[in-house]
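Annotation source Swiss-Prot lists [4Fe-4S] cluster binding site at Cys11, Cys14, Cys17, Cys21, Cys34, Cys37, Cys40, Cys44, Cys63, Cys66, Cys69, Cys73, Cys91, Cys94, Cys97, Cys101, Cys132, Cys135, Cys138, Cys142, Cys161, Cys164, Cys167, Cys171, Cys199, Cys202, Cys205, Cys209, Cys229, Cys232, Cys235, Cys239, Cys268, Cys271, Cys274, Cys278, Cys311, Cys314, Cys317, Cys321, Cys348, Cys351, Cys354, Cys358, Cys377, Cys380, Cys383, Cys387. Positions annotated as domain '4Fe-4S ferredoxin-type 1' by Swiss-Prot, on the basis of sequence analysis: 2-31. Among the features that Swiss-Prot reports, domain '4Fe-4S ferredoxin-type 2' is placed at 25-53, with the record citing sequence analysis. Among the features that Swiss-Prot reports, domain '4Fe-4S ferredoxin-type 3' is placed at 54-83, with the record citing sequence analysis. The domain '4Fe-4S ferredoxin-type 4' annotation in Swiss-Prot covers 82-111. Annotation source Swiss-Prot lists domain '4Fe-4S ferredoxin-type 5' at 123-152. What Swiss-Prot records for 152-181 is domain '4Fe-4S ferredoxin-type 6'. Residues or ranges marked as domain '4Fe-4S ferredoxin-type 7' in Swiss-Prot (evidence: sequence analysis): 191-219. Under the heading domain '4Fe-4S ferredoxin-type 8', Swiss-Prot lists 220-249, citing sequence analysis as support. The domain '4Fe-4S ferredoxin-type 9' feature in Swiss-Prot is assigned to 259-291. Look at Swiss-Prot and you will find 300-331 tagged as domain '4Fe-4S ferredoxin-type 10', backed by sequence analysis. For 339-368, the entry in Swiss-Prot reads domain '4Fe-4S ferredoxin-type 11', with the evidence type sequence analysis.
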Amino acid sequence: MAGIKIQEDACLVCNACSKACPTEAIEIAPFKTCTLCFSCASACPTGALVENNGKLIYNSSKCIKCGNCATACPTGIKKVDDRFPYSKGHCVLCEKCVDACPIDIISIPGKIDKPEREVTIPQEPIKVTEACVGCSECVPVCPVDAISIEDELAVIDTEKCIYCSVCAQTCPWNAIYVAGKKPSKRQKEIKSFTVTEECIGCEKCVEVCPGDMITYNREDLIVKLPEACPACHLCEQNCPVDAISLEVEYGSAKPVTEEGLVWYEDKCNYCGPCAIKCPLCPTNAINMINQKGLALPSRTKTDKDPEFRMCIRCGACVMKCPTGALKMGKITHEGKEYNRIEFSPALCNECGECVDVCPQDTLKLTGDEKKPLEGYCILCLKCIEACAKTKRNALGLQ
């Protein structure tokens with residue numbers, strides 16, 4: 001048996017599985033699951049974690065919270081904290097994640113094997129597929145206003161598009177693809193999803209839900225909302241009496257680049273030397289929250305999950321700058337010419353328009369006349385050198 005297997009390219013990031021898991025053995029975007037390799041049991045010095053007939057058994061009374069299990073976990077899902085039962089992140093084969101998944105893409109190989117969904121990734125610079133439901137979630141997140149909704153479908157103006165992929169990362173129904181690749185989805189959390197007494201039982205929300213996740217009980221005249229869903233807001237938008245309220249909090253968009261400085265998410269462990277080394281500090285061309293919740297390079301404590309943001313030199317700020325203070329320059333590395341952001345403080349009027357459109361939220365006004373703007377990358381590659389010293393090689397030149 002091989003633990004929990006999620007078909008990542010089909011996942012809607014609804015988090016139903018992670019909410020259902022009693023031992024926190026699933027994380028979504030980025031994906032981490034327990035594979036039942038039993039490395040944690042082998043590392044446990046007290047027998048609190050043991051393998052028994054292909055299952056992991058945990059005895060909290062024997063746990064000394066040493067953290068050996070978390071250190072040994074190859075996927076990084078195992079964790080130890082002060083919340084009972086202390087050691088978390090191991091699959092107990094309860095199958096609750098399988099039952100919770102609304103699109104049946106979770107398997108437990110050797111026990112429950114679900115057929116993979118066919119996912120065809122368009123090999124075009126940017127493409128909106130037939131999966132688009134016209135929910136418009138992509139429209140407000142586009143930093144250059146390149147997306148509109150026409151005839152209930154998202155339409156992208158390729159003359160404006162900077163291919164930052166924020167739309168693809170945000171799309172609730174996996175309908176947008178950039179550069180022929182599977183998008184690295186943003187984290188999201190439904191903060192509240194409610195229906196009030198104003199509901200008139202018209203069932204419009206049931207009809208428009210693309211995933212058939214909303215039900216209506218005609219006997220009790222009650223609309224039942226799902227505990228977790230892709231959060232496209234169509235139900236809320238179409239309710240004729242505004243009885244549905246959906247509040248969603250998105251994580252930061254991930255830096256996706258095809259050329260120049262490239263971040264390899266699967267290699268990053270959010271350690272931070274790259275952010276600290278960036279010579280524009282405190283201009284923060286790289287922002288990170290490490291595994292301990294420490295924001296770098298500012299070194300301020302947060303309660304956020306690990307994240308990585310960097311200037312991707314997309315040019316949104318350059319396009320928006322009304323004074324010419326920001327422009328796209330060139331730099332040569334290893335005989336190849338790359339784009340980089342160049343800034344002239346004397347031309348900056350501190351209007352903040354560049355800050356508003358930055359898809360990575362790295363640009364900030366400082367109030368310093370000599371250096372009024374921070375957060376742009378000059379492609380010096382000092383971050384790559386710092387990362388290489390950690391032997392992670394999560395940053396590279398491409």
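Note: Cβ is positioned from N, Cα and C throughout, glycine not excepted.
Because the structure is a prediction, the values reported are computed rather than measured.
Of the listed binding-site residues, namely Cys11, Cys138, Cys199, Cys311, Cys354, the sparsest CB environment within 10 A is found at Cys199. The list of residues near the domain '4Fe-4S ferredoxin-type 11' (339-368) in space but at least 6 beyond its ends in sequence, with Cβ under 8 angstroms from a Cβ of it, reads 141, 143-144, 164, 166, 252-253, 255, 259-260, 283-287, 309-331, 374-379.
Secondary structure at Cys138 ([4Fe-4S] cluster binding site), as computed by DSSP, is helix. Applying an 8 A CB threshold to same-chain residues 6+ apart, the list for Cys235 ([4Fe-4S] cluster binding site) reads Cys205, Val208, Cys209, Ile214, Leu225, Ile244, Leu246. Cβ contacts within 10 Å of Cys91 ([4Fe-4S] cluster binding site), excluding its own Cβ and spanning all protein chains shown: 23. For Cys40 ([4Fe-4S] cluster binding site), the count of additional Cβ atoms within 10 Å of its Cβ stands at 28 [all protein chains shown]. Long-range contacts of the domain '4Fe-4S ferredoxin-type 1' (2-31) within its own chain (CB-CB distance under 8 A, at least 6 residues past either end) are made by residues 37, 77, 79, 88-92, 94, 96-97, 99-103, 105-110, 114, 116-117, 119, 121, 172-174, 182, 184-190, 211, 226-231, 251, 265-266. DSSP classifies Cys311 ([4Fe-4S] cluster binding site) as coil under the three-state reduction.
Cys40 ([4Fe-4S] cluster binding site) falls within a helix when secondary structure is assigned with DSSP. Beyond the ends of the domain '4Fe-4S ferredoxin-type 9' (259-291), by six or more residues, the same chain brings 30, 76, 184, 297-298, 302, 304-313, 338-340, 360-362, 364, 366, 371, 373-387, 389-390, 392-398 to within a C-beta distance below 8 angstroms of the stretch.
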